[in-house]
Amino acid sequence: MVITEMTPRNTIAAIATAIVPQQGSVGIVRMSGSEAMKIAQTLFHAPGKQVWETHHILYGYIRHPHTGQLVDETLLLIMKAPRSYTREDVVEFHCHGGIIAIQQVLQLCIEAGAELAQPGEFTLRAFLNGRLDLTQAESIAELVGSQSPAAAQVALAGLQGKLASPIRHLRACCLDILAEIEARIDFEEDLPPLDESEISQKLDDILVDLSMVLATASRGELLRTGLKVAIIGRPNVGKSSLLNAWSHSDRAIVTDLPGTTRDVVESQLVVGGIPVQVLDTAGIRETEDRVEKIGVERSCQAAESADIVLLTIDAQVGWTELDEVIYQQVKHRFLILIINKVDQVDLVHSELIRSIFYPETIKNVVATAAINNQGIEELEAAILNAVNLDNVQPENLDFAVNQRQAAALTRAKIALEQCLNTIKNNLPLDFWTIDLRGSIYALGEVTGEDVTESVLDIIFSRFCIGK
């Protein structure tokens, strides 16, 4: 999407509900712009004495404006500017579900003068018209795409301005310091000299707060993209049973025959608020079976692509030569050792396994009995601990910055550090202002106070059409 002007004048239309193979009960066509009401009045016929007032719902029919042919029986929602999502006149046709009806309604809107909306254009208008800042706009996209309650909670926090608030405060502090410096440059003879130690302390305080905001980036990335976890090991150690116990389902086939799992079986879970894609893989061993050999290759590929590898062994057998071979293949990955089937051995045997049956270099070890659901909580705790997120719950979250925001905040941090070095090296005040301006601009990029059209283009093109 190319933004040619910063003040939209055309009227846009799009289908606002998801288009899926399964038909929903309702489909919505949304319009926004100065001509939205006029187009709606051309297409929509409300029987009786219904009043076309803002924030009212009308009942009626959509007919072709030239032929009078009935298209659908609908509800019409009216939201006049500025009390709308975009702060423009907005109307929504609530049609019967099914792609044919809503596509026909959309086509009539376009024929009547509306333009097909680009991805994210409704939210872009909300931003350009001052209803949302850029962090709030991005939070809407993140809320729509959230895969867990914790991710949704973080997105809602951003939508409520909890991320923008500290960023604006830091930017205001930088602007205050810049004003002090520029006043000394312009009115050097009329004002006392700057206290360099005081300015440096203020910059240090800003850097501390900025670093705290930046520290949420890794948490935010995990909440948005999740983790990929691969369960690997030799045949018949209970990998599929572990997946089934963990996912509370029968996703994987379980038998006593080696080589039952011949392909990667996936399951989507949420662990401590983090979306987790779990991959149950074929048992790794030397085999002449062509199909099983392909499965073994895919197991190795899954281990390479995973964020965390669960190397699973059998407590009844202990650490075998094949376990050692597999370990050597995956030891460069982040590894958690799963000692499965501990319910089949006595306590003494279990302690022996813990002490001598696996390399001392494996520090993360969890004992499980998948068939009895034993050890699942400990496994989840080990995974969260592995990514330093052992308490990511909605009640413990305020906000988390995304990748774009983190990049801008990093630029702001670097500029502030350069400003401190400039002061330390006794360079002229003009040099101080260069670094400070760089930091102020970078902070403004986060909230949208200083942002280029190309950046807006990238951000809003990631939205769905109709949002």
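Each residue, glycine too, has its Cβ placed from N, Cα and C.
Taken verbatim from Swiss-Prot:
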- ARG30, GLU92, ARG131, LYS467: (6S)-5-formyl-5,6,7,8-tetrahydrofolate binding site (BINDING)
- ASN236, THR255, LEU257, THR260: K(+) binding site (BINDING)
- 236-241, 255-261, 280-283: GTP binding site (BINDING)
- SER240, THR261: Mg(2+) binding site (BINDING)
- 226-388: domain 'TrmE-type G' (DOMAIN)
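Distribution of Swiss-Prot features across the structure.
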{"residue": "ARG30", "record": "(6S)-5-formyl-5,6,7,8-tetrahydrofolate binding site", "Cβ within 10 Å": "25"}
{"residue": "GLU92", "record": "(6S)-5-formyl-5,6,7,8-tetrahydrofolate binding site", "Cβ within 10 Å": "22"}
{"residue": "ARG131", "record": "(6S)-5-formyl-5,6,7,8-tetrahydrofolate binding site", "Cβ within 10 Å": "17"}
{"residue": "ASN236", "record": "K(+) binding site", "Cβ within 10 Å": "20"}
{"residue": "LYS239", "record": "GTP binding site", "Cβ within 10 Å": "29"}
{"residue": "SER240", "record": "Mg(2+) binding site", "Cβ within 10 Å": "24"}
{"residue": "ALA282", "record": "GTP binding site", "Cβ within 10 Å": "28"}
{"residue": "LYS467", "record": "(6S)-5-formyl-5,6,7,8-tetrahydrofolate binding site", "Cβ within 10 Å": "20"}
Which value in Å gives the longest Cα to Cα span across the (6S)-5-formyl-5,6,7,8-tetrahydrofolate site residues ARG30, GLU92, ARG131, LYS467 as recorded? 19
Check the Cα-Cα distances from SER240 (Mg(2+) binding site) to the binding-site residues ARG30, GLU92, ALA282, LYS467 and tell me which is shortest. ALA282
May I ask for the distance between GLU92 ((6S)-5-formyl-5,6,7,8-tetrahydrofolate binding site) and ALA282 (GTP binding site), taken between their Cα atoms and rounded to an integer number of Å? 51
LYS239 (GTP binding site) and LYS467 ((6S)-5-formyl-5,6,7,8-tetrahydrofolate binding site), distance between Cα atoms, whole Å: 42
Using ALA282 (GTP binding site) as the reference point, find which of the binding-site residues ARG30, ARG131, ASN236 has the shortest Cα-to-Cα distance to it. ASN236
What's the CA-CA gap between ARG30 ((6S)-5-formyl-5,6,7,8-tetrahydrofolate binding site) and LYS239 (GTP binding site) in angstrom, rounded? 49
Rounded to the nearest Å - Cα separation of ARG131 ((6S)-5-formyl-5,6,7,8-tetrahydrofolate binding site) and ASN236 (K(+) binding site): 58
